Amino acid sequence: MLNKISFMRSFLKKFLLIYPFIYPFIFAANAQNYQISLLTCDPGDELYSAFGHSAIRVLDMESNQDIVFNYGTFDFNTPFFYVKFTQRTLDYMLSVSTYERFLYEYNYFQRNVREQILDLNPEQSKQLVQFLQVNYQPSNRFYRYDFFYDNCATRIRDAFEEVLGKQLDWNEKTEPEKKTFRNLIDEYVYPLPWADFGIDLALGAVIDVDAKEREKQFLPDYMEEAFARAMIVGDGPTRPLVKSSHVVLQFDERDFKMGLFNPYFTWWFLAILVMVLTYMGHKKKKLFKGFDILFFTVLGMLGILIVLLWFFTFHSQTKYNWNILWAFPGHLALAFGLWRGSLKPWLKKYLLFALILANLCLVFWVFGVQSFHPSIVPLLLVVILRTNFLYYNWEKLQEGKRINV
């Protein structure tokens, strides 16, 4: 993984050094005959590439200049890169490269690439290239990235809609398959179980609504399907937008096997361990509060992260995140109180409050308020079990007798 990230950084550094010089070279040509294609790239092995990629290929049929316009470029060397990425204040940009250089990266990572050659007339092709030229101007090439609504795929869709206007008919399905935004994400992150868990932990109830056909196009594969269905109308006989399709790069499909270290196994192992620990504590009159201090500290820290994503970032998708019901920031106060041993009366009330929150999370799940990651079930069981156990053994905590820390 580190080798892949190093490669990407090296690749981008070299690319960012050369692409200003590509610009005048490309646009110096005054060609009239272009072949326009949509390139769709399969998902990669890392989270940043897990959803695939889209780009526009422009082939000048007269000079054989072969250029790819890519709306999915960002600079790893941006100051406070990860902070800006988390806050959604990181700008992406339209970049250009040669077709050969574009394919080099996908060949290196062994990711399939497909091409759809579009049936645009010369005037439409020329207008699209002019649109991309204007977009590539230094004052226009940067944009504020939004994973669902403004990314490498949706920018391409918007470009074609701007150029073709009413001549572009998406020919949407009459009875599309209903999928929520979360369902769509899950289709791609299942090979990355911890990333899947993290995404479900970070994103709120706002993504548990059905996505319209147009909204599904934030994913390159769905954009590819949309282009395959689309028609050009009002320009002579109605014709498909896509004239022909073919595979550019194809590699053997890799089998996905989930390793033992995954959220499901890890959290169920933890839950079983806690059940045994609690049973032993009940039999031997011990509370094992050291575990509770650690456990509720971790949950409290997760709760702070949820609050930060909810209230202190520009991500609309992290709002109304009811994971906060089980990973609540106040759990830090509970952990601190248990650690200090100064057991105030409010701590007992807080145990009851935490128990109610955990049960409320289950209610929200059952009634479809938010879809949670399935692996949190054992975590909820641990919260419910330990808050119950501590609540009903409060007197022992106060006495401080036979407590194993």
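Every residue gets a Cβ built from N, Cα and C, even glycine.
Not measured: the values here are computed from a predicted model.
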Problem set entry | Per TrEMBL, the range holding transmembrane segment, considering 15-34, 375-394 | 375-394
For this session: Output the single range from 264-281, 293-314, 320-339, 351-369 maximising the number of Cβ pairs under 8 Å to the transmembrane segment (375-394).
Result: 264-281
Exercise. So what's near the transmembrane segment (320-339) in sequence-distant terms, Cβ-Cβ under 8 Å and 6+ beyond its ends?
Worked result: 200-206, 289, 292-297, 299-304, 306-307, 309-310, 347, 350-351, 353-354, 357-358, 360-361, 364, 369-370, 372, 376, 379-380, 383, 397
